[in-house]
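Heads up, the thing below is written out as structure tokens.
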Amino acid sequence: MKKGTVLNSEISSVISRLGHTDTLVVCDAGLPIPNSTARIDIALTQGVPSFMQVVDVVTREMQVEAAILATEIKQQNPQLHETLLTHLEQLQQHQGNTIKISYTTHEQFKKLTADSQAVIRSGECSPYANVILCAGVTF
């Protein structure tokens with residue numbers, strides 16, 4: 001049995017295959033996922049697992065160099081926005097790099113998900129709880 005951080009075989013596999021600048025999406029239960037993009041659905045019920053639980057576990061194994069959020073999160077979900085920014089700041093310190101944070105409209109965000117390696121669907125049921133994580137390198 002694997003004893004690393006990520007036990008979910010699909011998530012572990014997609015992280016191990018990421019190359020520099022590849023993207024991985026963690027989303028809430030409501031984000032539409034393009035048919036052309038791999039869907040890793042781990043939602044069990046409303047709120048389980050939460051968006052931040054998934055982000056926390058994924059970023060323990062994934063080297064992140066950038067994150068893209070929908071601009072709407074600032075007004076529509078400020079508490080989660082602040083929690084995510086704090087997490088990314090702590091991740092920067094742990095990784096020893098700067099994580100570039102950028103914003104786009106929710107409509108554009110949905111289009112960008114089509115280019116990601118996979119979308120991990122959480123059970124989160126709060127607005128705009130979505131992030132595109134861009135893979136960095138460990139060297």
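Heads up, residue numbers simply count up from 1 along the chain you see.
Cβ atoms here come from the backbone N, Cα and C positions, even for glycine.
What Swiss-Prot annotates here:
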{"type": "ACT_SITE", "residues": "H20", "note": "active site, proton donor"}
{"type": "BINDING", "residues": "D28, H106, Y128, A129, N130", "note": "substrate binding site"}
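Between N130 (substrate binding site) and H20 (active site, proton donor), the C-alpha separation comes to 21 Å.
For the residue listed as 'active site, proton donor', the same-chain residues 6+ apart in sequence whose C-beta sits under 8 angstroms from its C-beta are A135, G136, V137. Among D28, H106, Y128, A129, N130, the residues given in the record as binding substrate, the maximal Cα to Cα distance rounds to 13 Å. Around N130 (substrate binding site), taking its Cβ as the centre, 27 other Cβ atoms fall within 10 Å, counting all chains. Taking the centre of the Cβ atoms of D28, H106, Y128, A129, N130 as the substrate site, the nearby residues of that chain (Cβ within 8 Å, site residues left out) are C27, G30, L31, A70, E72, I73, N77, F109, E124, S126, P127. Neighbour count (other Cβ atoms within 10 Å of the Cβ, all protein chains): 28 for A129 (substrate binding site).
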